[in-house]
Each structure stands twice: as structure tokens, then as C-alpha cells.
Amino acid sequence: MMNRQYNPSSFIVETSFALFSCKRMMGVGSDNKTESTSSKLTLQQLEEKEEVELGNAEAMRLAKDDQQSAEPRETWGRRLEFVLASIGYAVGLGNVWRFPYLCYRSGGGAFLIPYLIMLFLCGIPLLFMEFTVGQYTRLGPVHSLAKICPLFKGVGLATVVISYVLCTYYNVLMTWALYYLLHSFSPSLPWQSCNNTWNAVGNCSTGFPGNATHLKSASQQFFDHKVLEMTTGIEHAGGIRWELFGLLVLAWAIVYFCIFKGVKSTGKVVYFTATFPYFILFALLINNVQLPGAKDGILFFLMPNWSKLLEVQVWVNAAAQIFNSIGISFGSMISMASYNKFNNNILRDTYIVSLANSATSIVAGFVIFSAIGYMAHIHNLPVDDIATDGPGLVFVVYPEVFSTMPVSQLWAPLFFIMLLCLGLDSQFAMVEVAVTFIVDGFGKKVLGVFKRKELIVLAVCSVGFLLGIPHITSGGIYVFQLMDHYTAVVSLMFLAFFEVLAVTLIFGVRRLSVMLEKMLGKKPNLFFRVCWQFLSPMLVLVILISSIVQYTPARYGKFYTYPLWAEVVGWFISLVSIIWIPLGALHELWTTEGSLLQRLKKSITPTVDLEFVSEKPSGESIALFAAA
């Protein structure tokens, strides 16, 4: 049931209905027995409308009773805060280190065709769907999806689990960025030369080694030997890196103080964290395109290979990139939309967030490959030998770029501040999912223990910090890669499939359209209805099947493969989130009364209220009031 403020307007309408009902019971108008047929029909229509409105008024009264016993849900201070927070969450490190590499590997400029098609057929419709569910129910993913489809209530809990697992190691990236930021203020950049205590001089190269496999660049050795103090494998954990330990505490402290007041504090922080990266990105773009060799890198990035469009995997890559970048099925978009005002124009916000995310990815591609083209020119190497993705791009390749750039002491700090902003926005949203789940589900009980919501946020951040400690040991990079592979690659598509199945196919497009009509005053157009009913579920299913068929075990770099026991641990990490889907379904069927068929029917019947009265009295309500 929607927890909505009880409004004086609805009270007047409800009272008028009661008076009208009393007049009928007392026989008012009984002497009008010679009314025309049309008058009788009018009275019958009014009676039917009255019954509906009285039922709605009763729903509002129950909602009011619920509201009195619960804390009123906070809302964003301004619509712009929600938009910036959503853009900040969608635009993350993946836009910088994943999209450009994927683009040139999948056909260059030709890849933009399947990418944009998947954006409009999958990304935008499913983001609109999540915004609709969150804003209408005003609940986090667990409780909103439980109302949408009780049988798949475990999907909501699975999204919370996967988001929280992700945030425990995502903040490690912020730790590395802080480490590089602090070292970028040195008189000379420490990853610039081979004359440091951590360098293995015999196989250190001041540039990129190219095909000389026995050599490592100075920036690679800084990352491996200084930042990580990396061991030879996950079986050799080593000790805690105490410098990183302190910076991990700092990273979680930053997250806490940015979100501890809920959306009121997050909404103010995103004015900086969501906008500042764009200033740096465009400044880097202007600087990089003027460097020698930049043109070659950009052409390498965009040169279309049309034959790639015939490969199914290229289309799957495009859909998967859209899915991961926007953040579908992580629960964060549902959670953030739940703090909107009921009539917020989420259709407009959907277009803004989706298009801003994709435009940022394309701009980041120009920034990254102009710099890579410059490095290829400096070291007389093919662009293909330098291009890479993942942490290696932002913590190895780009630091090496800065070491040869003019005014490197300026660009290096700005770049790592940009990384911090990109990562923190995403981190805010993932932590907020867990906080929203706790407050929505156990608000009174938890507040009885912690007294204040700020302490709940502190507890969530503290547990996240403790779970992140294995990643800052000397063997932590192997733990990080294992977690990332089995969380962001394997688990996510299972969750996405069941979420789309629950909302668009079982709950149904018709009910989803009713929800939108209640909020925006009009139903979604034919394009969205067709995407929800057919195209989006089909695309998600294709991606899921492709992910299963083309599954490859996790690995680190080009040579290290994980031992069997580590692979088992990886699958266990995947099951930590996926297992809640069947457990939720079994729990629903077990606790529902009746035969198996009756239980199945009840478990797919939504409990979300689609008939409540809006805050402003409708035209029919006013007509009934006048008739009374």
C-alpha cells in the first residue's frame, strides 16, 4: 500500500461521498419515480462511481493509518538532485576503462550501430521501468518487487546483495585512486623512471616494452611492486598493505559523510561529484587532441570494420555494455527513484540519464585513444600493443601517458580526482540500496537499537570496510579480479532476466501502464509497450544464454589462471546473490495457503495498490461532490 500524505482535498471528497450516501439511505429523492430513463442511467452511473471512490477513500484512510505509524519518506530537495545522482551512478569507471576498449575491439565506429540500437531497445525502456517501479511504490527494490510479484520477491533481495558485494570491492578502486592522487603531488611522478627501490632494474622499461615480454614498464612496476606489493597468486595472500588500509578507511569515511543524512546530503554532494568529471574530461580532450599521434589513436578507435556487424557476439557485447553501464538490476535506480515526488516526470529523466551516460562513454573514448595514439607515437609502437581495458588502463597506461605530457604535475592530480568523483557517485548509490532495504524492512526494530539513521549508515559502511580488507593484502588484486568476474559478469545477467520476467511478463505491461498513468497522467506510448512486452525480455534472455555458453574462467592478466578451489569460491560468490531468487519463491509458496495451483496463482498476484486517489481530486470526484 502506498504511504501517502493525507490531504484535506481528499478529506472533503470522502466526506461528500458519505453525505451523498446518507441522503440515499434516508430516501432523499424517492418521490422522483417518474424520472426519464436517461435520469435513471445517470443515477446508476453516479452510484457506480461513488462505490469506486468510496473504495478509494477507504484505501486512502488505510494509507493514512499506515503513515501515522511510520516515518514519512524523505524526498530529493530538487528534481535536479535526482537527475545528477542517477547520472553520477550510471557514469562510472566503466565508461572510461571499458567502453573505449570494447568499441575498438568490436568494429570501431561500426560498433556504435548495435550500441545505439541496444540503448533504445533495451537500456532506455528498462531504466524507465525501474524508475516507474521505484517512484510509484516509494520503496526500495526488495519491498517494491515483492509487491509487484510475490513469487519473485527474492529478486529484490538478490539486487541488494549484489550491490553490497560490489560496493565492498569497488571502494578499493577509490583507495588506489587516493594513493595515486597523493603521489601525484611529488616533485617528480614516481612511476616515471626505473630508479626507485621497488623497480626490478633488469626488466624495467621507461616506456612500453612492446613485444619484449620479459620487460615491464615503470608504471606497471609501480602498480605491481609499490602500490600492491603483489604476490605470485591468490594462494599467497601476504600481509595487509597498511598504507592502503589507511586509505580504505578514508575512502569509506568520505562515503559515509556524503550519505549519512540520506538523500538530503547526497543530493547536495552530487552537484560537485556528478559535474566536476565533465570539466576534467573536456579539458583532457582539448589537451590530448593537440598531441602528436592523437589523430592515429582516434582513427584506430573509430575506424569502422563493417564485417564485425555479422558477428553475434558484437551485438551481445553492445547489449551487455548498455546493461552494465546504466546499472539495470543493481537495485540502485529503483532505490533512488523511490525518493522522488509521486508525479515527477521520470520519462524525461530517463532520456536525460541514458543519453548522458552514452555520450560520456563516447567522449571518454576520444580522450583515452587520443592519449594512447600519442604514446604509440612516442614509443614507435602499434596502438594495439598499448590499448587495454580495466584497472590496467587507468592505473598503468594513463599514468605513463602523464609522465611524458607537458605540465604532467597538473594533469595527473586532475585525472585521479576525476576518477574519485566517478567512483564515489556509483558507490553512494550502491550503499544507499542496502540502507534503504534496512530502513524499509526493519525501520522500527533497527532504530530501536541504533536510535538514529546515521548510525545505521555507519554500521553498513563499517561492515563494507571489513569485507574490503582482503582486497588490500599483497594478494588482494587476485581477490579483486575474482570477485569482479563472478559478481559483475556471472550473477548480474541472472538477476536481470528474473527482474524483467517479474515486472514486464508476470506483473504485466498493462499494470505498468496504469502505474505510469497515475503518476504522469498518460500511458506509455506504443514503443515502450512493445519493448517491455517483447524486445527487452528477448534481448535479456539472449545475453543470459550467451553468457552461459561463452563462459570462461576468471584470470588475471594474460598468464595467471586461478586454482580450482578459487573457482569454487567464485561460484559461491555468485550464488550468494542468485540463491535468494529460488529461496524467495519457495518461501512464498510455502507460506501461501491452498493447493499448489492456488498457491502459484496467489504468488503471481501483485499486492501493489493501483486504485488509490491522487492528492488532487479528479474531475469525477468534483462532479460527484456537486451532485451530492
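In case you wondered, yes, glycine gets a Cβ from its N, Cα and C as well.
Listed in TrEMBL:
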BINDING   G88, A90, V91, N95, S325, N357, L422, D425, S426  Na(+) binding site
DISULFID  C194-C204  disulfide bond
TRANSMEM  82-100  transmembrane segment
TRANSMEM  112-133  transmembrane segment
TRANSMEM  154-182  transmembrane segment
TRANSMEM  240-259  transmembrane segment
TRANSMEM  271-294  transmembrane segment
TRANSMEM  314-339  transmembrane segment
TRANSMEM  351-376  transmembrane segment
TRANSMEM  410-443  transmembrane segment
TRANSMEM  455-480  transmembrane segment
TRANSMEM  486-509  transmembrane segment
TRANSMEM  530-549  transmembrane segment
TRANSMEM  569-590  transmembrane segment
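Known features from TrEMBL, placed on the structure.
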residue : record             : contacts (Cβ under 8 Å, 6+ apart)
G88     : Na(+) binding site : V270, T273, A274, C421, D425, S426, F428, A429
V91     : Na(+) binding site : A274, P277, A356, N357, T360, L422, D425
C194    : disulfide bond     : V201, C204, S205, T206, A218, Q221
S325    : Na(+) binding site : A90, G92, G94, N95, R98, F99, N357, S358, S361
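Of the candidate ranges 82-100, 112-133, 351-376, 455-480, 530-549, 455-480 has the most C-beta pairs within less than 8 angstroms of the transmembrane segment (154-182). The stretches the transmembrane segment (530-549) and the transmembrane segment (112-133) meet in space: the count of Cβ pairs below 8 angstroms, excluding pairs fewer than 6 apart in sequence, reaches at least three. Outside the transmembrane segment (82-100) by six or more residues, the chain places 76, 173, 263, 266-267, 270-271, 273-275, 277, 301, 321, 324-327, 332-333, 336-337, 339-340, 344, 349, 352-354, 356-357, 360-362, 364-365, 367-369, 389-391, 393-394, 419, 421-423, 425-426, 428-429 with a CB less than 8 A from a CB of the stretch.
Relative to the transmembrane segment (410-443), the listed stretch 271-294 leads the set 271-294, 351-376, 455-480, 486-509 in CB pairs under 8 A. Between the transmembrane segment (486-509) and the transmembrane segment (314-339), the number of CB pairs under 8 angstroms, six or more residues apart, is three or more, so the stretches are in contact. Counting other Cβ atoms within 10 Å of each Cβ, the recorded positions C204, L422 show the lowest value at C204. Taking Cβ pairs closer than 8 Å, the transmembrane segment (455-480) reaches residues 164, 167-169, 171-172, 175, 228-231, 233-241, 244-245, 248-249, 252, 255-256, 259-260, 431, 434-435, 438-439, 446-447, 556, 560, 562, 566 in its own chain, all 6 or more past its ends.
Here the transmembrane segment (240-259) has long-range neighbours at 171-172, 174-176, 178-179, 227-229, 265-266, 269, 273, 424, 427-428, 431-432, 435, 457-458, 461-462, 464-465, 468-469, 472-474, 476, meaning same-chain residues at least 6 beyond its ends whose C-beta is under 8 angstroms from one of its own.
Residues 83, 86-87, 90-91, 95-97, 99-100, 103-104, 112, 115-116, 119, 123-124, 127, 208, 278, 281-282, 284-285, 288-289, 291-298, 300-301, 322, 325-326, 382-383, 385-387, 393, 397-398, 400-401, 404 of the same chain lie 6+ residues outside the transmembrane segment (351-376) yet bring a C-beta within less than 8 angstroms of a C-beta in it.
Each of I87, Y89, G92, G94, G327, T360 belongs to the same chain as G88, A90, V91, N95, S325, N357, L422, D425, S426, is absent from that list, and has a C-beta within 8 angstroms of the C-beta centroid marking the Na(+) site.
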